[in-house]
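This report concerns only the one structure given below.
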Amino acid sequence: MNAATKLPGELGPIHFVGIGGIGMSGIAEVLMTLGYRVQGSDAKASKITERLVSLGATFFEGQRAGNLGEAAVVVISSAIKKGNPELEEARLRGLPVVRRAEMLAELMRMRSNIAIAGTHGKTTTTTMVATLLDKGGFDPTVINGGVIHAYGSNARAGAGEWMVVEADESDGSFNRLPATIAIVTNIDPEHMEHWGSFDALRKGFYDFVTNIPFYGLAVCCTDHAEVQALVGRVTDRRIVTFGFNAQADVRAINLRYENGIAHFDVALQSEGTGHVIEGMSLPMPGDHNVSNALAAVAVARHLGMKKDEIREALAAFGGVNRRFTKVGEVGGVTIIDDYGHHPVEIAAVLKAARQAVKGRVIAVHQPHRYSRLHSLFDDFCTCFNEADVVAIAEVYAAGEDPIPGAGRDDLVAGLIAHGHRHARAILCEDDLERLVREQARPGDMVVCLGAGTISAWANNLPARLMGKAA
C-alpha cells in the first residue's frame, strides 16, 4: 500500500480520458509524483499535456480504443459520456472506471484536507490558501482549477500533512471529497443542468459543510445572503465566518486601493477585542479578491500561523492564471485576461478594473454557452455598467445548439436597451484589434472576459498591436 494514499503501490498504468483538462491534469501530476504510471488522451496537445509528458506521462492525441494499451484503471471526468471509444473499451475489458472526484477523494483520504467550494472565487481562494500554507511551512499538496503562477502548474505534491483542493460543485461531486476544513465563498444559481433547482444546489452546499468531521471547521462568507442562510441552518459543527460585514469573525476593515494594490487591516473578531492584523496588502484589485483572502486568513489562523507570516505571504501573492492576469501593456494600454463568464464574476472583475486604472475600462466578452446566456440574460444586460465600452463576441457554444434570443447580437441589443452607452458586436480577432486601436488611449484597460477562446485573443493582442504599430 502507498502510505500517502491507501492506494496499492502498483496499480499498473492509470489512463486519463481527457487528461488535458484542468481538473484531470492536477490529479495526474500528483499521482506521478507519488510514483504511479500515468497515461492519457485528449483531443489535442496543449501546454498542460506537454508539462505532463515532461514529468513522465504518456500522451495520446485524439481518443480511440487502442490508446488504453495496458491500462489497469481508467479515470474520466463528468464531461466524458457514454459512447466515448476509450470509455467503451474500458467497460468492454471490465476495467475499473473511476470518476475524477473519486480519484481525487482517494488522494485526499490519508491527508488532512482543505476543500474550497463556491460558485465564484474557488480557484483564487485555493491559490491563496496554498500560498499562506507554503509560507507557514506546511508544505501542502495542492490540486487547483487554474495554473498557480508561483508553481507554473495547477498542482503541487508536498510532503506535509495538509492537502488543499478546489471542490467543484458543477456536477455534485464535491460531496465525495473528505474535507477537514470546508470553505464556502458564495452560492449562486449556476449549473442548473445538473442540479435542476436552486434548492437542490443549496442542499448540495449544506451537505458539503455538514460532511466535515466533528473536529473539522467550516469557513463561510456571510457577506453573501445565501451563505449566511446556510450558516443559520448548520448545527453541531464549528464555523468561522468572514467578510466585510460587522458580524464576521474575520473582517476586512480600512480598505483602500493604490495603483491596483489593496491595502487593508483584518479584524480577528473571533479571537477577542483588539486582535487585528494591520498593514495587509494584496497585489491585485477587487473587493472580491480581498474577500477571498479573508478565507485564507481564517484558515491560516486556525492552523496557528502568525500575523507576520500571513501579512508577508499575501503581500507576495503571485496570482493564478486567467484571474485578472495582465498579459501585456502597449502604448500605455493595459490588457487583462480573465476567466469571468457569469454576470456576478463579470461585475466584480470590471469593478476591480475600475479600481486599478485612472483611464477608461474597455470590456470584451465572449459569452460561454447559449444556455447560460439565456437563463441569466437580464443579469448579463446589467453586469457591464463599470465598463465604458463593451464589445461582445460570438457565443462560445461548448457543444450546445443555439437558443433563439440568446446570441451575440441579442446581448448587444439588450445592453443598449438597458442603458449602456457604448455596446457593440465584434466578429473576429481582427475586429478586436480594430476596436482597441480605435478606442483605447494611454491609461485605459482592456479586459477580455470568458471561458472560451477569448483567452487566446487576449494573449495575442499585445503582439498584434505592437506588430502593426512598428
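Each Cβ is built from the backbone N, Cα and C atoms, and glycine gets one as well.
Sequence-distant neighbours of Lys122 (ATP binding site) (same chain, six or more apart, CB under 8 Å from its CB) are Ile116, Gly145, Glu166, Ala167, Asp168, Thr185, listed in sequence order. Annotation comment: Swiss-Prot describes Gly118, Thr119, His120, Gly121, Lys122, Thr123, Thr124 as ATP binding site, evidence class sequence analysis.
Neighbour density for Gly118 (ATP binding site): within 10 A of its CB lie 24 other CB atoms from the protein chains shown.
Counting Cβ atoms from all protein chains shown, Thr119 (ATP binding site) has 22 others lying within 10 Å of its own Cβ. Less than 8 angstroms from the CB of Gly121 (ATP binding site) sit Thr185, Asn186, His288, Ser291, Asn292, each of them six or more residues away in the same chain.
For the binding-site residues given as Thr123, Thr124, the lowest number of other CB atoms within 10 Å of the residue's CB is seen at Thr123. Cβ neighbours of His120 (ATP binding site) (same chain, under 8 Å, six or more residues apart in sequence): Thr185, Asn186, Asp188, His288, His342, Val344, Glu345, Ala348.
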